[in-house]
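Enquirer: Got a structure here, written out as structure tokens. Questions coming.
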Amino acid sequence: MQLNPSEISELIKSRIQGLEASADVRNQGTVISVTDGIVRIHGLSDVMQGEMLEFPGNTFGLALNLERDSVGAVILGEYEHISEGDVVKTTGRILEVPVGPELVGRVVDALGNPIDGKGPVNAKLTDAIEKIAPGVIWRKSVSQPVQTGIKSIDAMVPIGRGQRELIIGDRQCGKTAVALDAIINQKGKDLICIYVAIGQKASSIMNVVRKLEETGAMEYTIVVAASASDSAAMQYLAPYAGCTMGEYFRDRGQDALIIYDDLTKQAWAYRQISLLLRRPPGREAYPGDVFYLHSRLLERAARVSEEYVEKFTNGEVKGKSGSLTALPVIETQAGDVTAFVPTNVISITDGQIFLETDLFNAGIRPAINAGVSVSRVGGAAQTKVVKKLSGGIRTDLAQYRELAAFAQFASDLDEATRKQLERGRRVTELLKQPQYQPLQVWELAVSLYAANNGYLDDLDVKQVLSFEKGLRDNLKTSHADLIKRIEDTKDLSKDDEGALRAAIESFKKSGAY
């Protein structure tokens, strides 16, 4: 049989034209080792830093180390079922978490999955956990207060909306208590709160949630929990996830407050991940970019301008500035604030509140050291009445601490020094405050006014707090109109000052304390 070359070529052409070939291009690699949640992958190309990788069993990881012939990734969640030789695929996506008002009142993990047993979150939107902070041009100066309800903070270390104020101290000296009081005091103040628990015992986190529910604070609070039993990856990601949830409100012209409790544990988790990824260790075995770990997080807390909000919402929200206020917590070891992470975070934040174990053990709670605590920008946000009355308190306290040290060695003191010491003792007593009992602005103003004008000087030190409480109760029942004026105007006019003076003198004469 004779084959015609032209027929053969025609046949081949027709076959080629009728061929249906589908090309499915997928970028995939192979697991070569798994160690403590860190996976090394060979064969992945075109993978991005921070990209999500898909492992078998619907498990995801995060690409962190991009090397010449391998990729180092951290697993998000359980990794026991992953073994050598498993196929890993790129997703082309970066890690996102759910955001929106649906999260308020819920307890979620670092990936936004609910862990409170109240069903799915049903958030309509998601957002990237790593975002660039707003530029200088989009920011506004801090000018509105965040009232914590804690006398010593609101009077001496005021916090403004959009500020970053560090809470620093040893373990068990009241750092979380200060943060929780700040959340509880936001009831009815149109401020969404986010509490990020990092590396704490699950039972401690549960106690926090229970206390927030008891005080009605969960109605405006989101809790992001990465407990000590969670992986290092979850503890590393939790603050960024919480920050993204807070930015949703900031960028839409609302105010939010976020508490990171605490960033020391996040730094430990990041150190663990970095060492397992074989990154070169530096001071205290932390990797070289541990400063950037916290700076890129805390720079996202800001007060943004009306123009920023309008641009972000495509003109839907006009004339409103948003804010995200951050209260990072750092745990020191034996009061050493010169360690690597504490000094880093002190330099990033706009001030710090130092809590001291010695003061805590002496019964001065909250155990705030007024001498070294400072707020660099909060003074501009203080309410008029508190600003007017708080200057004398700080001076009295600072002079008292200085004189008290000298008085230990001096046998006979002159009258002026003795008076200064006596007033200092009473001011120190006045600034004591039980947990979960934050004060309103007018209550703080009344206490400061009484201290500044010598109404506490002739009282016994043990009577100071009972006098203060009795005075507040008396004003509530007999001078409600005066309270309302102070609360509404956030100022103390000449007439109101006269009325307040008369009310205090009348109460003091009655001796009902």
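Cβ atoms here come from the backbone N, Cα and C positions, even for glycine.
What Swiss-Prot lists as ATP binding site is GLY169, ASP170, ARG171, GLN172, CYS173, GLY174, LYS175, THR176, and the listing cites sequence analysis. As annotated by Swiss-Prot, site 'Required for activity' applies to SER373.
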Enquirer: Least buried of the recorded positions GLN172, THR176, SER373, going by other Cβ atoms within 10 Å?
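Expert: Counting other Cβ atoms within 10 Å of each of the recorded positions GLN172, THR176, SER373 gives the minimum at GLN172.
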Enquirer: Just jot down the residues in the same chain as ARG171 (ATP binding site), at least 6 apart in sequence, with C-beta under 8 A of its C-beta; none if empty.
Expert: GLU331
Enquirer: Roughly how many Å lie between the Cα atoms of ASP170 (ATP binding site) and SER373 (site 'Required for activity'), rounded to a whole value?
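Expert: The separation of the Cα atoms works out to 15 Å.
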Enquirer: When the Cα of SER373 (site 'Required for activity') is compared with the Cα of each of the binding-site residues GLY169, GLN172, CYS173, LYS175, THR176, which one is closest?
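Expert: Comparing Cα positions, the closest of these binding-site residues turns out to be GLY169.
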Enquirer: Setting GLY169, ASP170, ARG171, GLN172, CYS173, GLY174, LYS175, THR176 aside, what same-chain residues sit with their Cβ within 8 Å of the center of the Cβ atoms that define the ATP site, listed in sequence order?
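Expert: Same chain, not in GLY169, ASP170, ARG171, GLN172, CYS173, GLY174, LYS175, THR176, Cβ within 8 Å: GLU331, LEU355, THR357, PHE360.
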Enquirer: For LYS175 (ATP binding site), just give me the three-state DSSP call.
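Expert: Helix, per DSSP.
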Enquirer: Using a 10 Å cut-off, grab the number of neighbouring Cβ atoms around the Cβ of GLY174 (ATP binding site), all chains included.
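Expert: Here the count is 20.
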